[in-house]
């Protein structure tokens with residue numbers, strides 16, 4: 001009798017435990033309130049253009065090869081951005097083509113760096129009620145603004161129009177972003193260091209690749225001329241390393257800072 005009673009108690013406890021588990025699944029967690037931790041954020045395939053606007057036009061954040069941070073009226077290779085989550089609400093903003101991070105100094109002036117400096121290159125992110133994103137320095141709280149004005153972000157306070165951003169889907173073909181990287185990482189044959197034989201064998205395909213790259217530069221030059229009426233800069237083409245895309249292991253990079261005029 002006692003044995004049957006014990007078995008009955010165990011069965012009742014087991015049934016109660018199963019009911020509790022069904023009501024509160026072990027895998028259930030608090031809802032994720034931050035879009036930065038979503039499956040698309042921080043994914044290398046999730047390239048975007050950060051768009052802001054004035055009453056007259058739309059603009060896009062550009063991070064150039066020479067480190068210049070500026071705005072562009074058109075989507076170009078240098079306006080392709082990767083938002084990389086550091087925490088639920090803190091991100092790094094990487095220019096994919098230039099392989100440089102957006103940063104901000106203590107005065108709120110933007111610059112870029114080939115390495116992610118924690119104090120300067122991490123931004124807090126907030127999604128406002130109007131479905132616009134703002135990015136502000138994790139150290140000073142100063143809003144990133146493509147017009148260059150400086151304001152500390154305060155919840156509920158009016159935000160400058162050019163500090164409000166919309167992530168737009170990337171429209172630049174990936175081969176235009178990765179062309180120089182692929183060329184730089186080609187293995188050199190010791191018996192043909194100047195790649196004469198390879199050049200003859202691939203003359204047709206190589207010339208097509210160069211034409212695509214020239215077209216890419218031509219579009220961006222037209223944007224520069226349209227902004228200020230003259231060619232603002234001439235840049236030396238260089239490529240990031242596939243083995244260290246975040247610049248973590250870069251040794252002695254010199255001064256990582258490269259200031260840029262926003263405008």
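Each residue's number is its place along the chain shown, starting with 1.
Glycine is treated like the rest: Cβ placed from N, Cα and C.
The model shown is predicted, which means the values in this text are computed figures rather than measured ones.
Swiss-Prot lists 198-211 (among others) with the feature compositional bias 'Basic and acidic residues'.
What Swiss-Prot lists as compositional bias 'Acidic residues' is 212-226.
According to Swiss-Prot, the compositional bias 'Basic and acidic residues' annotation covers 227-245 (among others).
Under the heading compositional bias 'Polar residues', Swiss-Prot lists 249-263.
The annotation disulfide bond is assigned in Swiss-Prot to 103-121 on the grounds of similarity to another entry. Here the Cβ of residue 121 (disulfide bond) has 25 other Cβ atoms within 10 Å, regardless of which shown protein chain they belong to.
Long-range Cβ neighbours of residue 124 (N-linked glycosylation site) (same chain, at least 6 residues apart, Cβ-Cβ under 8 Å): 89, 90, 135, 136, 137, 138, 141, 153. Positions annotated as N-linked glycosylation site by Swiss-Prot, on the basis of sequence analysis: 124 (among others).
According to Swiss-Prot, the feature N-linked glycosylation site maps to 231 (among others), an assignment based on sequence analysis.
What Swiss-Prot records for 198-263 is region 'Disordered'.
Under the heading signal peptide, Swiss-Prot lists 1-23.
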Within 10 Å of the Cβ of residue 103 (disulfide bond), how many other Cβ atoms are there?
29
Tell me whether residue 103 (disulfide bond) sits in a helix, a strand or coil according to DSSP.
strand
